[in-house]
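Undergrad: Can you read through this structure? Questions will come right after.
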Amino acid sequence: LLPLALAPTSSSSSSSSSSAAASPGGCPSACYCVATPELVQCRYEKLEEPPKELPATVHNLSIVGSNLSVLRRAAFASQPLPDLRLLRLRHDNIHGVEELALQGLPSLNTLDLSHNPLLWVAAGAFSDVPRLRTLQLNQALLASPQALQEQLALALTNLTLRRLELSGNALQTLPLSLLTPGLEELDLRNNSLQRLTEVELLGLETPGLRGLRLSLGNNPLSCDCSLRPFLAWLRSWGSRVTDGRGLRCHGPAPHRGAVLLRLRPDGLGCSSSDGGEPGRLETASYVFFSIVLALIGLVFLMVLYLNRRGIKRWLHNLREACRDQMEGYHYRYEQDADPRCASAAGTP
């Protein structure tokens, strides 16, 4: 983007405004042109709709600090703008984007809607801009992030984006639905990401996203056991994270501020309350329980050893009692089997 030029003096401003009113296609009265009519800036003029008297040769148009509210259908099509490549609409209080809002901008390459409280985006909002390659939505999804992601996924269906900026949107998960095939750069800085899950990492390996590079700085990464898949992926594919060497842990306390790539996977533990795999606390609990069981078994063996004589005597008495009982059964069996006893019992 070209650097901002100083606004013209009052005399030159009035002359340019009058000339704009006199000659169609000149610099709009609510804006000013920098160097040439190819760069038009409308800053903090509280416009409620885009200016209509734009130069036909404009390349870069910046409207900042206005109150556009809704980008209507064909909002910039009052006259042909075949050469407009960059459209910056920051801080314009835009809540919604209608169908075909960018109609009449066939060369548009970059659209910046950052710092607007977006609430809804029509499915065909970005139709009729086949050359759109960069979409900037920094701090634009805060009002309704989940609903907006679903709407944006439909709006981006037929686009071939190369760069998507989503920084400062308090995102807690990777917005896979917004990653169109062929995307090369994704800016996710200053969000609320604690990790990238295994499902999200698998999504990054789909054929259309294997060349995607991420920016993940200033996210509250939680360096517990659930971060291990992302850490392993980062070690293998570090070149795909542009600021990967500078990523640091936000928590827990033992790792706060630590450089992510300097951590060992086996050093990332978590408790059962985290819902992850058993970590150091659970392992310590299992070890303690095993030690307690071993002590109980040892005490039992010691009791048996100290009472070995009494136990031996009890076993001897038990054996003798069983022998006497068996001898009694044997004697009765022999008496019943003796034929003399049987014949004596049968004589009257």
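Cβ coordinates come from backbone N, Cα and C, glycine included.
Heads up, TrEMBL stuff is auto-annotated, nobody curated it.
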Undergrad: Give the range, chosen from 1-21, 127-147, 169-189, 211-231, that TrEMBL lists as region 'Disordered'.
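TA: Matching range for region 'Disordered': 1-21.
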Undergrad: Compute the average pLDDT of the predicted model within the domain 'LRRCT' (219-271).
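TA: Value for the domain 'LRRCT' (219-271), mean pLDDT as a whole number: 90.
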